[in-house]
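Remarks on the structure that follows.
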Amino acid sequence: MNTLCINLLNIAVFRLKTKRRNFFAFIILVAERKRNTADSFQNEERNCTYKKKERAIVVYFDLIDTQIEKSENMPMLSTQQKTTKMDSVTKVETIPINGHKESPVKSALINIRSVLYAVIFGLLFGFFINKGTVFVAPTIRKQMLFQRFAMLKMFLAAAGVSMLSVALLVLCCGALYAKILASYIEHNSRRDILHYMLGGTLIGIGMVICGSCPGTVFVQIGSGIINSLFTALGGLLGTYFYYILIHERVSREKLPPTSLVLRRLNEVLHVHSVIVHVVFGLGLLGIAVGLEFVIPWKSDLNPRLLAQGTLNPDDAIGYIFGMAAWPPSACGAGVGLLQLFFMFFLEKSLGMSSAFTVVAAQICRIKPIGRALPSLNSFAYGVKNYVAFLVALGAIGGSALSSSLSQTIPLGAENGTNIFSSILGGFLLLLGARCAGGCTSGQGISGMTHLLLGSFLTTACIFGGGIAFGFSIYLGRSEWYFSDL
């Protein structure tokens, strides 16, 4: 009898230790043991049968446990994270809940496809930005003084078409967009109003100083503006400054979903998101097209740039691609359409500033540095991080292709800034982008497309900070010398 009790107790303790709660099987065992206790020790053969039943019930426990685990995991995400340590560097690998990994061949094909998409979309981004001429310093700086409007036209058109693209995606692939939106909100869940306001203002000031934004730095490099390399250097320095001295001090616990900056415009208006996307998309695109009629796009261009030759002046197609510039609203519409491709094929939002973070994070492959900067270290590995860098490389190639077709490579020094302004402006650009969680593309175009109030606030601070700083410089001088700023 004592042996029986001890066996039952051992089974119970084992199940409690492993946090199993299959009491029905346990009760069955107790009832059968109680019914046969009188004879259990009189017959050795029957005692052996009990042991077999005991082992069978343990197996039954395991089967029920497995079924419960599956039923508990079904409502949750379709993957769970398995942490492994390789070379003392923590990596996260995703495996299906059924315990079976994807085949190496299939995984490799997915990675190759993502790489190809990233390069192609980057080429298109660089080509459109180059043809819109919003990458040259005078265009960006004079936009802040309301003397040129190419940048405004392109931004409004890009945001408008991006919203229309998302409306289509919601209707056709609602689950996919919900996944992308949840990831974007998670990315911004530790930033409050001050992050958005300060980060946006720093981006605006940096844009005026260096005549660029994080995304157009790569386009400047592709077009042959030499000092853009110093802007990129300043951007890397700003990224390191943020992750070394600022990130751990300003990061906070996750904000609740009801936080103002994480709420969406459609939730505030109590209107379906598709309706808001369509109304705002058409409105922004209409304003951009309307500005083209009020302020002809050719009037915003440098006459020498506009008169640049083409490879095939007598061929219509060659002439179009050989033109030094296209209407900014048309180029903006192309950038906005890329949002649909980014979401559908890469399952991510359009954004360019993260490429600087990925490049900066490669120093974390040195193990002591990676352990000292865990937040930056998370950008050092993984195909999704490499995709951001490949998009940037593609943008450089697309810009070089556009400038080559129009025979405008390299552009003159008047389209850039001096070395000091390039480094300082690049530093402020990326410092602001890391504080705000994105730049004019990541928070401006993509964030507004997701209808997040925090992104609308960031965009307002970007342009507000740039305009205020631009006028303060302009009013303090009889003439605004771009090369002396």
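Every residue, even glycine, has its Cβ placed from backbone N, Cα and C.
A TrEMBL annotation is a machine prediction, not a hand-curated record.
Sequence annotations record features per position, and here TrEMBL assigns transmembrane segment to 115-135, 155-181, 193-219, 225-245, 274-297, 317-346, 386-407, 419-439, 451-475.
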Recorded stretch, among 115-135, 274-297, 386-407, 451-475, maximising Cβ pairs under 8 Å relative to the transmembrane segment (419-439) | 451-475
Against which stretches of its own chain does the transmembrane segment (193-219) lie, if we need a Cβ under 8 Å and a gap of at least six residues from its ends?
-> 125-126, 129-130, 134-138, 140-141, 144, 228, 231-232, 234-235, 250, 260-261, 352-353, 355-356, 392-393, 395-396, 398-399, 416-417, 421-422, 424-437, 439-441, 443, 454-455, 457-470, 473, 482, 485
Recorded stretches the transmembrane segment (274-297) and the transmembrane segment (317-346) touching, at least 3 CB pairs under 8 Å | yes
Quick tally over 115-135, 317-346, 386-407 of CB pairs under 8 Å to the transmembrane segment (155-181) gives the top stretch as 317-346
